[in-house]
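TrEMBL has this to say about the protein:
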type: BINDING; residues: B:14, B:205, B:206, B:207, B:208, B:209, B:279, B:280, B:281, B:327, B:328, B:329, B:330, B:331; note: ATP binding site
type: BINDING; residues: B:90; note: substrate binding site
type: ACT_SITE; residues: B:147; note: active site, proton donor/acceptor
type: SITE; residues: B:179; note: site 'Transition state stabilizer'
type: SITE; residues: B:238; note: site 'Transition state stabilizer'
Ligand SMILES: Nc1ncnc2c1ncn2[C@@H]1O[C@H](COP(=O)(O)OP(=O)(O)O)[C@@H](O)[C@H]1O
Ligand SMILES: Nc1ncnc2c1ncn2[C@@H]1O[C@H](COP(=O)(O)OP(=O)(O)O)[C@@H](O)[C@H]1O
């Protein structure tokens with residue numbers, strides 16, 4: 001069975017065609033800068049690897065282009081639309097409604113739309129992707145996989161804020177959590193690798209967005225992102241945790257507008273604000289030449305992660321493993337090392353040689369004697385989405 | 001030598017006359033509701049304990065009333081103003097300027113005034129107290145003790161936010177930390193009781209405001225409150241940590257005004273928002289009758305503290321003792337028990353009987369076998385201020 005995974009953003013469509021249960025990727029690609037004359041269209045199969053720059057005026061055109069490529073007589077991988085059994089959509093916000101992967105009905109679409117108020121930058125585009133997929137692949141089942149679903153298991157004490165109760169009961173103001181598909185995928189990999197029955201694991205997703213989850217017996221019990229993906233760890237351009245009163249100070253005393261502050265915190269802060277650089281590779285390279293801002297930014301980043309590890313160890317009263325994943329987590333031995341240094345009181349000790357060795361496989365990088373395992377687990381959100389969609393079929 | 005301790009607030013003056021080095025309190029009192037016809041004037045000495053309700057139109061009148069009481073032929077404790085050698089003022093915000101107790105000069109006053117921008121609810125009143133004390137006690141030395149001073153030792157990685165650098169360098173946007181006098185006092189008591197040379201301690205100040213400090217070798221290295229005393233632990237009516245994006249959501253989607261949100265977070269949240277009650281005693285009593293909101297609020301409060309304990313244990317890579325202090329920390333065996341339950345992975349185990357026994361003395365309430373000591377240390381900010389002022393003399 002072929003499952004098409006769709007991740008539709010504000011100006012992009014990311015797609016992957018996966019054969020299940022073999023888990024074989026038969027085609028994938030990315031359309032970026034939708035709405036411009038210089039949109040890029042990337043497409044890759046076993047035998048083809050192309051990139052075109054062209055006019056893609058809107059998402060609808062993007063979808064048509066993708067379908068055309070997949071069914072192209074020369075470069076394609078399927079004969080016609082009927083070869084796709086399921087289209088599985090990544091949807092960012094499932095609110096309190098969706099704690100699991102769901103077949104898309106009119107009701108589900110209404111709900112995703114309604115939840116746009118909680119994720120205005122994501123849900124509307126995810127929904128547009130669904131509508132276009134229904135048109136383009138009318139014979140396929142449409143399935144939604146929610147970023148927030150994995151965190152629906154968080155206990156109330158972890159997800160509720162200390163605000164007037166009616167904000168929780170009447171206005172759904174609570175922590176939802178994000179990156180759920182990734183945290184679920186890597187925690188399951190870790191649990192199966194370590195053959196744990198009962199387990200206390202911390203998964204650390206470090207990409208452009210960064211988040212950390214306490215996973216007890218396979219279930220998310222606490223998580224660093226909250227009502228939105230703004231807080232918690234230091235990210236590429238997001239501040240993560242701050243004293244919220246700063247917002248009032250910036251507006252009342254430094255003359256910022258509200259939306260300006262919002263943009264400052266989400267687009268000009270984090271590692272970018274601290275170093276002027278976006279890519280962790282550049283920051284690491286500059287730190288190696290002795291640049292003080294870059295050295296400090298890496299230290300701050302690691303220090304925040306350390307504190308969350310401690311917090312979740314206390315929350316679970318124990319720790320079997322920590323798991324690094326995503327672009328930075330999988331590749332930056334520097335950051336892993338900064339996080340794991342001087343953490344032996346909690347049972348965490350790195351094996352420096354193992355940590356340095358490059359690999360794209362799941363691997364242990366902790367010292368063998370240490371109480372807590374340290375794993376690097378490459379994440380694969382598309383595969384997790386395919387698995388969940390396949391599980392529903 | 002007699003030292004008069006002054007804590008001047010927006011509508012109150014709290015004072016204590018302490019003989020040093022004997023540490024004897026020879027008189028103390030509180031003037032509240034300044035600016036009203038029904039101001040209350042409390043005054044207590046070894047032989048007198050009075051409370052008057054009267055017109056106190058302003059702080060100047062309050063100061064005169066206090067001086068009159070202290071020097072009253074019948075009820076007083078000193079003969080004339082010359083019997084006061086030092087007036088020591090609690091000043092909330094010392095910014096980055098004051099890392100220690102300081103003799104008050106014109107420059108210091110200018111600086112305290114300038115720092116009012118960072119503590120508009122406190123510094124102006126603290127300064128007014130200084131000016132009035134200079135007038136009322138012209139022969140006494142005037143000394144300032146800053147709430148923020150103890151936290152000046154925090155390393156940059158703990159006090160800097162992941163925001164654009166210029167906010168830190170040009171606008172002093174950073175964590176300052178508060179309740180410093182209390183955290184210093186109780187951590188020193190703990191270190192001396194436990195006879196520790198090198199030490200890793202966490203002090204937990206739970207009063208109306210609540211905060212927690214990581215104290216390494218007697219120095220604050222991290223702290224839960226930041227740029228203002230708004231964040232960190234759940235407090236009487238302050239939310240503590242939230243996802244800061246909530247502020248934008250409340251304004252943009254729920255129609256709140258900025259100042260309304262500010263008031264909501266600082267005056268209607270925390271335990272009050274969760275339970276409708278302000279006093280922890282009432283919350284505990286209602287929880288005992290099975291009230292779900294009160295039970296949950298206590299759990300959330302303790303859970304937040306647990307996570308900070310874990311975070312600071314990771315930050316210091318170890319833990320010798322945790323110290324509970326202030327109204328709740330000293331008196332609520334319930335909250336201490338919620339915090340210390342299921343914390344043995346970090347080395348924390350309570351002795352339930354010791355925890356329940358009432359006392360107003362410094363005491364250990366942990367299990368004797370546990371790695372980490374658990375102490376209850378009554379705080380005494382006035383005495384700490386007196387000691388510091390005496391130390392300068
Ligand atoms: N070898 C590497 N060393 C350090 N950082 C890396 C390395 N490879 C990728 N990264 C970082 O990973 C981040 C992107 O992670 P990724 O998981 O791809 O992001 P996204 O959140 O967009 O999925 C970038 O900051 C990039 O610098
Ligand atoms: N026996 C007690 N049990 C529980 N809470 C108590 C007890 N005594 C005092 N408290 C709580 O202590 C808090 C006030 O603490 P305190 O340190 O006096 O405050 P402040 O921050 O104003 O100095 C109140 O919430 C009060 O309910």
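Note that the numbers count up from 1, one per residue, in the order the chain is shown.
Using the three backbone atoms N, Cα and C, a Cβ is placed for every residue, glycine included.
Note: TrEMBL annotation is automatic and uncurated.
Among the recorded positions B:90, B:147, B:206, B:208, B:281, B:330, the ones whose Cα sits within 10 Å of the Cα of residue B:238 (site 'Transition state stabilizer') are B:208.
Residue B:281 (ATP binding site) and residue B:179 (site 'Transition state stabilizer') have their C-alpha atoms 22 Å apart, to the nearest angstrom. For the recorded sites shown (B:179, B:238), fewest C-beta neighbours within 10 angstroms: B:238. Proximity of the recorded positions B:147, B:208, B:279 to ligand 2, judged by a Cβ distance under 6 angstroms to any of its atoms, singles out B:208, B:279 in sequence order. For the binding site of ATP, formed by B:14, B:205, B:206, B:207, B:208, B:209, B:279, B:280, B:281, B:327, B:328, B:329, B:330, B:331 according to the record, the largest Cα to Cα distance is 24 Å, rounded to a whole number.
All protein chains included, residue B:14 (ATP binding site) registers 19 other Cβ atoms within 10 Å of its own Cβ. Neighbour list (the residue listed as 'active site, proton donor/acceptor', Cβ cut-off 8 Å, at least 6 residues apart, same chain): B:90, B:91, B:92, B:93, B:94, B:178, B:179, B:180, B:181. When the neighbouring Cβ atoms lying within 10 Å are counted for each of the binding-site residues (B:279, B:330), the highest count belongs to B:330. With a cut-off of under 6 Å between the Cβ and any atom of ligand 1, the recorded positions B:14, B:206, B:238, B:328 reduce to an empty set.
Residue B:328 (ATP binding site) carries a helical DSSP state (H, G or I). Proximity of residue B:328 (ATP binding site) to non-local residues of its own chain (separation of 6 or more, Cβ distance below 8 Å) is seen for B:206, B:207, B:210, B:280, B:335, given in sequence order. Per-site Cβ counts within 10 Å over the binding-site residues B:90, B:208, B:281 peak at B:90.
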